[in-house]
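Engineer: Annotated domain 'Malic enzyme N-terminal' per TrEMBL: 165-346, in sequence order. Annotation comment: TrEMBL describes Tyr188 as active site, proton donor. Look at TrEMBL and you will find Arg241, Asn496, Asn540 tagged as (S)-malate binding site. The active site, proton acceptor annotation in TrEMBL covers Lys259. Residues annotated as divalent metal cation binding site in TrEMBL: Glu331, Asp332, Asp355. The annotation domain 'Malic enzyme NAD-binding' is assigned in TrEMBL to 356-609.
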Amino acid sequence: MFSLNGTSFTNNSLSGVSRCLNQSSRRVSAPMVVVAAVNSNGKPGDGSVSVLVENALTESPAPVEMEVKSTVTGGVQDVYGEDSATEDQSITPWTLSVASGFSLLRNPHYNKGLAFSERERDTHYLRGLLPPVVISHDLQVKKMMNSIRKYDVPLQRYMAMMDLQEMNERLFYKLLIDNVEELLPIVYTPTVGEACQKYGSIFRRPQGLFISLKEKGKIHEVLKNWPEKKIQVIVVTDGERILGLGDLGCQGMGIPVGKLSLYTALGGIRPSACLPVTIDVGTNNENLLNDEFYIGLRQRRATGQEYSELLDEFMYAVKQNYGEKVLIQFEDFANHNAFDLLAKYGTSHLVFNDDIQGTASVVLAGLMAALNLVGGSLSEHTFLFLGAGEAGTGIAELIALEMSKQTGIPLEETRKKIWMVDSKGLIVKSRMEMLQHFKRPWAHDHEPVQELVNAVKSIKPTVLIGSSGAGRTFTKEVVQAMATFNEKPIIFALSNPTSQSECTAEEAYSWSEGRAIFASGSPFAPVEYNGKVYASGQANNAYIFPGFGLGLIISGAIRVHDDMLLVASEALAEQVSQENFEKGLIYPPFSNIRKISAHIAAKVAAKAYELGLATRLPQPKDLVAYAESCMYSPAYRSYR
Ligand SMILES: NC(=O)C1=CN([C@@H]2O[C@H](COP(=O)(O)OP(=O)(O)OC[C@H]3O[C@@H](n4cnc5c(N)ncnc54)[C@H](OP(=O)(O)O)[C@@H]3O)[C@@H](O)[C@H]2O)C=CC1
Ligand SMILES: CC(=O)C(=O)O
Ligand SMILES: [Mg+2]
């Protein structure tokens, strides 16, 4: 028993946190002295109990390594041992106080709904607050899936999922992990696109952190308002290019929220370590400016110095609050800012642009896999893009880099195998003066060509990639042209959501007489053509960023390097099985995504160590096993 600020505490309840740490299968330094203090009568007066947490690392610098059994794996930097507790161990459901009673049921992090056991209902003052039945986590998942499936409208399913995330986090993640193929199109593209468009009308409870021009000069304090302190990944948007839907301003928040749900479900990053951010500098979307339910600043976008000062303040406040190794993922910025932000902060922060880099890695993986079906090496193929923005030029640059690495041919030469069409036609040398800087490497010698179909007929690409955000631009004539000079034309329709896809799966297969190798950014159902069923893959950066981020975090990487993108592509391509190839697939099913993410993470981490960019030492021997052991599991913990 001891006293703090006049209150008596017992330490016989030295929390399960330290015990949990001891029994984790991860190698842990045993740093935590955790004192869960209860009032001397052992009963909270007002439903809450003060808790004091101390990190004893400073007092006990020598790390103690332990290897013990675990049935549940923990999140990266699971310092409180909550996630690495085995299923038969107890942990304390604490916030700054021990949650109990009504507040426990309203706390999404600890709420278990009808799965609270009889004992927990007694010890945590839940009697009467729940109906008598006690059900399992699995039954909760079954029940929730039943109720979600009753909604015919995808947006209603999205809203039900968001409500669940705000009500019972572990049920939300178990549902998503166990039913990933069915629920990915709900919490992610295409439905998240519609949700962003209607965000103001469907807005119920805020998710993520909103930083607007009003917060200029105060961003450091605003970050402190966020309830979690140990942030490992931030996904940030300014809402100017949301999927292929354009400027959705502050309503772009659905994207960082959705991407970070995938960081947890697909990549195993703890939810409490994820921070979704929307930077609101206004919007140029007239419909939103005139919408009475719009949730953002009602002004046109700030640009120039005003914009860059806000971004600068944000970037430095992030580093001040969370340190060097927090990963900042830029998402859905317009290209006139995206390339510059990546270049500007790439040397001072751990930054990653998902649209430029993540997309590049996922498409390169698909191409590597597709070579198994069409033959030849990468440099024997010719590529034509519709869309020369972030996604298009990002992918092109990574393909050229990989070709250069494979053949030893200089990058300037390998780029010549890649052609681009933008809204003004084929990118050719005569347009050089007027081109944005990121398009210039792709301006080759050729007479001007206006129409895509004519570019296809002239260049005769083996691979056609849509990254335009312009729906149905791969017309019948375009696909038929591809099929005239390719036995198996490779066609990617990357644009999201489905309404913006350059063509549908049905169009790709029927217009190519079943010969296309097709993948799309948003999913399409299998297609029947001439009595045969064709399943297409989903070429979406969701395959890459969760595992990529996990790899950066587990290695303590301080910078992103292009070679990490290349190994991530290899890791993903290696996961495509013979059985997948036989179905014409060039991506593995999402149902294996956590295993895939662990492989990607291991390769990325290994590259970080090789490049001297990793700070978490020593390097674990088996990086795949280590990555898996670091992944968050949504299994319920029992509360003492
Ligand atoms: N599947 C995936 O994982 C990903 C998919 N995407 C999707 O890719 C699309 C583009 O994104 P991003 O590259 O960031 O966008 P950008 O705005 O940076 O680039 C769009 C490009 O498409 C061109 N374009 C637009 N309309 C047409 C048209 N009708 N004909 C020819 N070219 C056109 C633009 O031309 P101009 O330069 O002349 O204006 C520009 O070059 C989006 O729909 C997005 O959802 C993005 C990232 C990942
Ligand atoms: C998938 C994605 O990042 C996009 O469409 O922007
Ligand atoms: Mg994006």
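Glycine is no exception: its Cβ is also placed from the backbone N, Cα and C atoms.
Quick one: where do these features end up spatially?
Structural biologist: Secondary structure at Tyr188 (active site, proton donor), taken from DSSP and collapsed to helix, strand or coil, is coil.
DSSP assigns Asn496 ((S)-malate binding site) to coil, not to a helix or a strand.
Secondary structure at Lys259 (active site, proton acceptor), taken from DSSP and collapsed to helix, strand or coil, is helix. Taking a C-beta cut-off of under 8 angstroms and a sequence separation of 6 or more, Lys259 (active site, proton acceptor) has the following same-chain neighbours: Tyr188, Val235, Pro276, Gln329, Glu331, Asp354, Phe545.
In this structure, Glu331 (divalent metal cation binding site) belongs to neither helix nor strand by DSSP; it is coil. There are 29 other CB atoms within 10 A of the CB of Glu331 (divalent metal cation binding site), with all protein chains counted.
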Engineer: Compute the C-alpha separation of Asp332 (divalent metal cation binding site) from Asn496 ((S)-malate binding site), stating it in Å without decimals.
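Structural biologist: Answer for this pair: 12 Å between alpha carbons.
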Engineer: List the recorded positions Tyr188, Asp355, Asn496, Asn540 whose Cβ sits under 6 Å from any atom of ligand 1, in sequence order.
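Structural biologist: Once distances to ligand 1 are taken from each Cβ, Asp355, Asn496, Asn540 fall under 6 Å.
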Engineer: Among the recorded positions Lys259, Glu331, Asp332, Asp355, Asn540, which have a Cβ atom lying under 6 Å from any atom of ligand 3?
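Structural biologist: Near the molecule: Glu331, Asp332, Asp355.
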Engineer: Relative to the Cβ position of Asn540 ((S)-malate binding site), how many further Cβ atoms are located within 10 Å?
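Structural biologist: Result for Asn540 ((S)-malate binding site): 25 other Cβ atoms within 10 Å.
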Engineer: Residues other than Glu331, Asp332, Asp355 within 8 Å, Cβ to Cβ centroid, of the divalent metal cation site?
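Structural biologist: The surrounding set, listed in chain order, is Thr237, Arg241, Ile242, Ile255, Phe330, Phe333, Ala338, Asn353, Asp354, Glu390.
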Engineer: Out of the recorded positions I have (Tyr188, Arg241, Lys259, Asp332, Asp355, Asn496), which ones have their Cβ sitting under 6 Å from ligand 2?
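Structural biologist: Listed by sequence, the hits are Asp332, Asp355, Asn496.
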Engineer: Tell me, how many other CB atoms lie within 10 A of the CB of Arg241 ((S)-malate binding site), whichever protein chain they belong to?
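Structural biologist: 24, counting other Cβ atoms within 10 Å of Arg241 ((S)-malate binding site).
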